[in-house]
């Protein structure tokens with residue numbers, strides 16, 4: 001289960017801003033004193049319509065409600081009713097541009113098309129409608145009803161599309177979650193290492209400690225094999241996403257429930273009271289751990305059932321995801337810096353290849369990593385291998401939907417394994433946490449650099465491209481400065497000579 005969990009976590013090494021193109025705002029104003037205003041989401045085609053970026057340059061039009069018609073012929077609208085107005089009609093069997101040509105011929109200055117179904121991009125063929133120049137936008141029918149109830153029958157409207165903010169506060173939240181998880185996971189791994197060393201010093205406790213310890217150690221060979229399997233799995237997800245996504249969801253539920261239990265059990269174990277036990281077969285089990293297991297399973301089941309409830313399910317997913325990352329950073333041990341370099345280096349190449357190189361290979365010119373991130377072919381089910389935080393800055397995107405900023409688990413776990421190794425090396429050499437603190441700070445700097453590049457390029461970034469050099473170079477410089485590079489590279493004698 002641990003190897004499988006790390007496999008699909010490392011598949012995901014991508015930082016994404018969740019932004020949809022061609023979303024705009026309809027600003028409506030009532031006739032009261034003072035006028036009541038309200039904003040509504042619209043979808044438009046930027047190749048057909050160029051909207052102003054602010055209200056300062058926008059022109060208001062009186063709204064004419066013709067939702068009783070679909071405007072597929074000019075005879076459906078009374079003569080002269082549309083002149084110099086913004087007209088709203090229902091979505092029908094004819095194309096958007098056919099409606100627009102009719103509305104324009106009848107003197108309308110803006111066409112709104114109300115839809116009772118989900119808003120979708122406007123994508124008709126413009127070739128035969130070059131003379132159509134009036135703005136066209138798709139709006140929810142429920143918003144038209146709300147507009148009449150809120151603002152009255154006399155409403156003036158305008159359209160604009162403000163630029164997306166260069167920076168969103170959701171990135172600060174993701175940064176804090178990522179750095180906290182890496183730092184805590186590394187520290188927890190160091191605590192486990194200290195307990196192992198104490199067990200070595202006391203032969204009577206060694207066998208007991210070996211039974212309790214559930215760590216998995218990666219060797220250079222298993223690292224290479226692991227990366228190859230990652231590549232195969234990502235390609236399989238690209239081609240068979242609609243089936244494999246449910247396998248990933250099932251694995252996430254199981255792995256995250258186990259991880260949450262391990263994290264909370266470690267905290268509960270420090271509480272000196274409430275340790276009553278019940279007999280179960282040949283074992284005595286603490287009652288509080290039974291309730292804890294039930295709670296963790298219930299949390300995973302609740303997320304699985306309500307995973308598409310964007311307004312709150314992301315909180316539960318992030319909690320389960322943090323527990324998942326913490327558990328794996330603690331239990332998956334790198335034996336030496338050599339294995340860390342191989343793992344991080346190969347996954348860096350893997351990340352860059354599937355984000356930047358695959359667009360030159362795929363038929364549609366899309367990145368395999370980004371396609372799998374969004375769900376190929378518009379699949380509504382998303383892989384639960386990311387930290388999700390809704391964007392907080394007001395924009396057309398936040399008005400139309402609940403867009404998220406995403407950070408893959410791989411961008412936490414993979415550098416986190418190096419941070420954990422640094423912490424264990426500190427424990428083994430009594431080096432006052434210098435490696436651990438330096439590597440954690442380097443990870444934080446790498447995250448900041450990733451966010452800066454993301455804001456400048458406005459496209460999904462392979463975060464390992466910035467995290468790997470920052471953490472590896474920093475760790476190497478610390479080892480070189482302390483004249484411990486040979487020992488740091490090969491691992492301590494304890495780590496090499498005995499594995500739990």
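Each Cβ is built from the backbone N, Cα and C atoms, and glycine gets one as well.
Note that the coordinates shown come from a computational prediction; the quantities given were computed from them, not determined experimentally.
TrEMBL lists 1-21 with the feature signal peptide.
The annotation domain 'PA' is assigned in TrEMBL to 71-143. Mapped onto DSSP helix, strand and coil, the domain 'PA' (71-143) counts 19 helix, 16 strand, 38 coil.
Annotated transmembrane segment per TrEMBL: 171-194 (among others), in sequence order. Listed as Cβ neighbours of the transmembrane segment (171-194) (distance under 8 Å, sequence separation of 6 or more from its ends, same chain) are residues 213, 215, 266, 318, 322, 325-326, 328-330, 333, 387, 389, 405, 407, 411-412, 415-416, 419-420, 422-424, 426-428, 436, 439-440, 443-444, 447-448, 451, 454.
Residues or ranges marked as transmembrane segment in TrEMBL: 215-240 (among others).
The annotation transmembrane segment is assigned in TrEMBL to 246-268 (among others).
Long-range contacts of the transmembrane segment (289-306) within the same chain, counting only residues at least 6 positions beyond its ends with a Cβ under 8 Å from a Cβ of the stretch, are 249, 253-254, 256-258, 260-261, 264-265, 268, 278, 312-313, 316-317, 319-320, 384. According to TrEMBL, the feature transmembrane segment maps to 289-306 (among others).
Through the fold, the transmembrane segment (312-329) approaches residues 2, 5-6, 9, 177, 180-182, 184-186, 188-189, 252, 255-260, 262-264, 299-300, 302-303, 306, 384-390, 404, 409, 412-413, 416-417, 419-420 of its own chain, all at least 6 residues removed from its boundaries and within a Cβ separation under 8 Å. Annotation comment: TrEMBL describes 312-329 (among others) as transmembrane segment.
Using a Cβ-Cβ cut-off under 8 Å and counting only residues 6 or more beyond its ends in the same chain, the transmembrane segment (341-361) has close neighbours at 10, 13-14, 218, 220, 223-224, 226-227, 230-231, 234, 334, 367-370, 410, 414-415, 417-418, 460-465, 468, 471-472. As annotated by TrEMBL, transmembrane segment applies to 341-361 (among others).
What TrEMBL lists as transmembrane segment is 402-422 (among others).
Residues or ranges marked as transmembrane segment in TrEMBL: 434-457 (among others).
Sequence-distant contacts of the transmembrane segment (463-480) (same chain, six or more residues past either end, CB-CB distance under 8 Å): 13-15, 337, 340-341, 344-345, 347-348, 351-352, 407-408, 410-411, 414-415, 418-419, 422, 434-435, 438-439, 441-443, 445-447, 449-450, 453, 488-489. Under the heading transmembrane segment, TrEMBL lists 463-480 (among others).
Within the model, the domain 'PA' (71-143) carries an average pLDDT of 86.
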